[in-house]
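As annotated by Swiss-Prot, disulfide bond applies to CYS30-CYS33, CYS139-CYS153, CYS147-CYS165, CYS167-CYS176, CYS262-CYS265, CYS293-CYS307, CYS300-CYS316, CYS318-CYS328. Summarising the annotation, Swiss-Prot assigns motif 'CXXC' to 30-33, 262-265. Summarising the annotation, Swiss-Prot assigns repeat 'FU 1' to 192-239. Residues or ranges marked as repeat 'FU 2' by Swiss-Prot: 252-299. For 289-329, the entry in Swiss-Prot reads domain 'EGF-like 2', with the evidence type sequence analysis.
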Amino acid sequence: MHLPPAAAVGLLLLLLPPPARVASRKPTMCQRCRALVDKFNQGMANTARKNFGGGNTAWEEKSLSKYEFSEIRLLEIMEGLCDSNDFECNQLLEQHEEQLEAWWQTLKKECPNLFEWFCVHTLKACCLPGTYGPDCQECQGGSQRPCSGNGHCDGDGSRQGDGSCQCHVGYKGPLCIDCMDGYFSLLRNETHSFCTACDESCKTCSGPTNKGCVECEVGWTRVEDACVDVDECAAETPPCSNVQYCENVNGSYTCEECDSTCVGCTGKGPANCKECISGYSKQKGECADIDECSLETKVCKKENENCYNTPGSFVCVCPEGFEEDRRCLCTDSRRRSGRGKSHTATLP
């Protein structure tokens, strides 16, 4: 049995395995703990003024202010920590609910930073900023300004990573205090380093202008005390093909296509053609279409034939009511009737 093409394609699609899903990266224990603490802190903020009358009476201070440290408030905060469908959040909360209650009841005043107490010291899931790894070692450059403030410490704030510096653009070195090629040191002392970009003409530099170049970038050359652009388009051998023209840009050049009417060119448009393609001629300084139908010598040779100009050429067409016959004549089809006679005009 032969299936029709559409049915065969449909059957093939049914048999193909479904596309593999790209596995999303699961949050780390530190990220989960931090998210839980953020929700807890938000819950504290949301309930901070609840059940307070806003006055200053002794009764409010004695009775209503008890809510601030109450288990009722804690319960309201806890109920808003995890969405019902967030399994990992609910699992983490269930495992450590008693510890959060203990912090609320007895440790809150002594250790007001819940993240530091819960995620760093209790669960040992995270590290303080500026430290990394299983033992929360200091990042390169110290915990106060890791990587000299010019990079990111690998594993910063987590129990992972190796503490190495991933430098920001413009910086290099193990502590991110040295400047990359294309940058120079605007400020540097024992604690700070600030690198800024060189002029575009410099590969390396000691200052912000083209006169501060130590080495010129490719496409630039030193003239006296500064790096200046090389005009590649002025080279003895042009860098572009015969059907292109060259445009110089800072540090480089581009090759652009000549106008479609040109045979070789020196710039953009039909006014910059070296020569014109067939069917075009120089008119008022640029290549323009030749109207062959207006020439003194007829280009359409057949009798009754009409000439129509086209860009770069022309067409010869028999008018309506005429047909082109085998003798290269335009025969009036309206007069080809009766007694086998054909009324045609013949060329001399």
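From the backbone N, Cα and C atoms, a Cβ is placed for every residue, glycine too.
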CYS316 (disulfide bond) versus disulfide-bonded residues CYS30, CYS33, CYS139, CYS176 - nearest by Cα: CYS176
CYS265 (disulfide bond) versus disulfide-bonded residues CYS139, CYS165, CYS167, CYS293 - nearest by Cα: CYS293
Structural state census, the motif 'CXXC' (30-33) (DSSP three-state): 4 helix, 0 strand, 0 coil
Residue among disulfide-bonded residues CYS153, CYS167, CYS176 with Cα closest to the Cα of CYS300 (disulfide bond): CYS167
Residue among disulfide-bonded residues CYS167, CYS262, CYS265 with least C-beta crowding, 10 angstrom cut-off: CYS167
Cα distance (Å, whole number) from CYS153 (disulfide bond) to CYS318 (disulfide bond): 82
Nearest of the disulfide-bonded residues (CYS30, CYS33, CYS167, CYS262, CYS293) to CYS147 (disulfide bond) - Cα to Cα: CYS167
CYS293 (disulfide bond) versus CYS165 (disulfide bond) - Cα distance in angstrom: 76
CYS167 (disulfide bond) and CYS293 (disulfide bond), distance between Cα atoms, whole Å: 71
Least buried by Cβ count (within 10 Å) of the disulfide-bonded residues CYS139, CYS176: CYS176
Rounded inter-Cα distance in Å - CYS167 (disulfide bond), CYS30 (disulfide bond): 24
Among CYS33, CYS153, CYS262, which are recorded as disulfide-bonded residues, the nearest neighbour of CYS307 (disulfide bond) by Cα: CYS262
